[in-house]
């Protein structure tokens, strides 16, 4: 997702957008973890200009009276720029990364990265802008966050890999040409490696608790409830994410090998399924994210607004519900389309191989579905990375000295 970070609190959109701007112009992700003060109100333009000035960036604040100038003279604006959008209930700052003919690429610290149509942008933008006028350079370096020793990370991945290898070899040697002691010994090693792996994971979680959460609690008793839940989520994501994707990757490789040694036609089928999954993922990022943002704004307006007439409220509520059902329908369509495609490919394979039996069909169908689920996890790796980045920011927010 490039130099992107989510805001930490409801009123942090300004500082989060500035972090992304600094990271973008300096091409250094350190700025995504720039320290920020704990404040109860939004950062003003002046606050952001002073912070940017400390890091060698001069920002100029002004109001564009003719909004079309942003598109007509897009070459005259030094991108990226910071703008405020008015959502009636509050003003929200975002970073404009690119300007196209009839749309903009928005880095929204609350909702993510998306494109906004020119018409929608004009309806929300009042013309206020923060633009870069000078860049002198900065020596800023983010604080190191070594919440878990690298040895724990390495050993957990290493023993998880060993357990998969032992299991695979154990299955391979289940053959009348080999002594039964060989697979038996390998399966014993699988159990041992899996036990050691689980033990290392528990030790990693305990290390986080003992060396960080408990010590920090003693120094920050008053804010314990503010950070405890977030830090527990950080702990789980940090430990489980590498393991989850390693496991999914190994399962996919092992599954493809198992199917491939029987027929290359299965690999072609998997390739087709994986390509369709990638296409769906790209469409989801482009369409569903935009829809969810629109629904979020609509839901927010219903909760906050006290001036809506009954008819207006009913109309907006119906729109919210109908659009929500549409998203559910699209999600279900993807699920059943992939299932239907899998069945068709399995039947084609049966016809191609000449082995038309129920057992053969069920084996390949459930194997394809299993590999689809693991490939879906691989495609979602960016979501886990963004969560870890956000929790790292929260850690620095609460505990940086």
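Cβ atoms here come from the backbone N, Cα and C positions, even for glycine.
Because TrEMBL annotations are produced automatically, they should be read as predictions rather than curated entries.
Cross-referencing 106-128, 129-151, 152-174 with TrEMBL places the feature transmembrane segment at 152-174. Residues 251, 255, 258-259, 263, 265-266, 269-270, 272-273, 276-277, 280 of the same chain lie 6+ residues outside the transmembrane segment (337-370) yet bring a C-beta within less than 8 angstroms of a C-beta in it. Within its own chain, the transmembrane segment (267-283) has Cβ neighbours under 8 Å at 256, 259-260, 334, 337-338, 341-342, 345-346, 348-349, 368, 371-372, 375-376, 379, counting only residues six or more beyond its boundaries.
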